[in-house]
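**Q** Starting off with a structure, shown below.
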């Protein structure tokens, strides 16, 4: 029988068992035992966090939408409306001078503000009003006046009155002639603009105010004095978003 060479391993022999760790008595001092590495399921943890955050956001959004819908049904908010109540020119004179054609004017205006809400109080801040003579060659400013803020109750109608005046405003000679003729025939037209801030008061608590601009189309003296029904004034949010 031939001798097996050194390192020979019989294929039919069972595989040798893994070496066991040495007992503490035979372990080298200061050398720790080998530890197995465990991988944390980071991807699964992130997915759970995203799912919970999405669910919470969805629930909060649904609750806010339901609350807003109920508040709308309860308060039924409506936009305030404005109408030019009166317009009267106590003075309108066009004179020729060495400096050119000059305009002197004094206008009294009344704007009707209506709050149609039955559960909401409107709060108006201080603002300013401007009056201009409408002409084909361009409007001629008559002046601007300050408007004091006020509080408007539920289902209330308030007339805001003010007077604007201008002295020695230079105008074109042709435009001055048209304004003079229009004043005599009461067909001269005036445009009115009001800038202010408005907020809401619900249950004794006030909200912040936002800037609005109220623009009234040019109206003749015949419409303003005779007590006719001039068109409603347009309301713009932040001076450029047309609300109605």
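Quick reminder: no glycine exception, Cβ is built from N, Cα and C everywhere.
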**Q** If TrEMBL is the reference, give me the range from 22-48, 49-75 marked as transmembrane segment.
**A** 49-75
**Q** Other than its close neighbours in sequence, what residues sit by the transmembrane segment (49-75), given a CB gap under 8 Å and a spacing of at least six beyond its ends?
**A** 117, 119-120, 202
